[in-house]
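Trainee: So Swiss-Prot says this about it:
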type     : residues                                                : note
ACT_SITE : HIS93                                                   : active site, proton donor
BINDING  : PHE23, SER61, PHE62, GLU63, ALA85, VAL86, ILE87, PHE118 : 5-amino-6-(D-ribitylamino)uracil binding site
BINDING  : GLU90, THR91, ARG132                                    : (2S)-2-hydroxy-3-oxobutyl phosphate binding site
Amino acid sequence: MAIFEGSFTSASTLKVGIVIARFNDLITNKILSGCLDCLKRHGLDTSELSNQVDIVWVPGSFELPIAAKTLMKKKSYDVVIALGAVIRGETSHYDVVISEASKGISQVSNENNVPIIFGVLTTDTMQQALERAGIKNNLGWNYALQAIEMGSLIKNLN
């Protein structure tokens with residue numbers, strides 16, 4: 001019986017793309033910082049001159065799938081991380097954005113056989129978003145760990 005798992009020790013060989021929504025940037029900037037910190041601590045070069053990590057900013061979470069798709073056509077990535085923050089308001093806009101962003105990200109991932117980590121916070125309040133972006137825990141770190149694990153797993157399976 002063969003057992004395959006992702007590795008956290010081979011992260012330094014990964015090529016990572018990050019697509020990030022500018023909307024709610026108070027939150028998304030914090031998530032990005034946590035994400036980059038984790039990648040750096042696991043051996044990736046996150047400097048501005050890095051050819052290991054690319055970052056693409058988009059207006060909002062709805063635009064994440066098309067940016068991820070376009071990014072993957074431009075270069076070869078082992079994994080992409082989609083970051084955003086959607087906070088429930090008084091209208092149904094929240095439901096539409098989350099539904100379409102999650103479907104689109106999943107579709108792009110499956111079509112390109114590249115894992116895309118769904119790092120879009122979905123919260124009812126700004127306070128909940130702040131807690132998940134660093135006050136209590138920075139989920140950006142968790143999203144980066146998922147990316148390292150999935151990127152190395154798919155690399156090993158191929």
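Placed from the backbone N, Cα and C atoms, the Cβ positions cover glycine too.
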Trainee: To the nearest Å, how far is the Cα of ILE87 (5-amino-6-(D-ribitylamino)uracil binding site) from the Cα of the residue listed as 'active site, proton donor'?
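Mentor: Their Cα atoms are separated by 10 Å.
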Trainee: Among SER61, THR91, the binding-site residues in question, whose Cβ has the most other Cβ atoms within 10 Å in this structure?
Mentor: SER61
Trainee: Express in Å, rounded to the nearest integer, the largest CA to CA distance found among the 5-amino-6-(D-ribitylamino)uracil-binding residues PHE23, SER61, PHE62, GLU63, ALA85, VAL86, ILE87, PHE118 named in the record.
Mentor: 16
Trainee: Please determine which of the binding-site residues listed here (GLU63, GLU90) has the lowest count of neighbouring CB atoms within 10 Å.
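Mentor: Selected from the binding-site residues GLU63, GLU90 on minimum Cβ neighbours within 10 Å: GLU90.
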Trainee: Give me the count of other Cβ atoms within 10 A of the Cβ belonging to ALA85 (5-amino-6-(D-ribitylamino)uracil binding site).
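Mentor: So the Cβ neighbour count for ALA85 (5-amino-6-(D-ribitylamino)uracil binding site) comes to 28.
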Trainee: Between HIS93, ARG132, which of the recorded positions has the fewest other CB atoms within 10 angstroms in the structure shown?
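Mentor: Per-residue Cβ counts within 10 Å for the recorded positions HIS93, ARG132 bottom out at HIS93.
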Trainee: Can you tell which of VAL86, ILE87 has the least company, meaning the fewest other C-beta atoms within 10 angstroms of its C-beta, among these binding-site residues?
Mentor: ILE87
Trainee: Please tell me which one of the recorded positions listed here (GLU90, THR91, HIS93, ARG132) sits closest to SER61 (5-amino-6-(D-ribitylamino)uracil binding site), measuring Cα to Cα?
Mentor: HIS93
Trainee: Name the secondary structure element type, per DSSP in three states, that contains PHE23 (5-amino-6-(D-ribitylamino)uracil binding site).
Mentor: coil
Trainee: Select the closest residue to PHE62 (5-amino-6-(D-ribitylamino)uracil binding site) from the following recorded positions, measuring between CA atoms: GLU90, THR91, HIS93, ARG132.
Mentor: HIS93
Trainee: Return the residues near PHE23 (5-amino-6-(D-ribitylamino)uracil binding site), defined as same-chain residues 6+ apart in sequence whose C-beta is under 8 angstroms from its C-beta, sorted by sequence, else 'none'.
Mentor: PRO59, GLY60, SER61, GLY84, ALA85
Trainee: Quick one: Cα separation, GLU63 (5-amino-6-(D-ribitylamino)uracil binding site) versus THR91 ((2S)-2-hydroxy-3-oxobutyl phosphate binding site), in Å?
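Mentor: Cα-Cα distance, GLU63 (5-amino-6-(D-ribitylamino)uracil binding site) to THR91 ((2S)-2-hydroxy-3-oxobutyl phosphate binding site): 19 Å.
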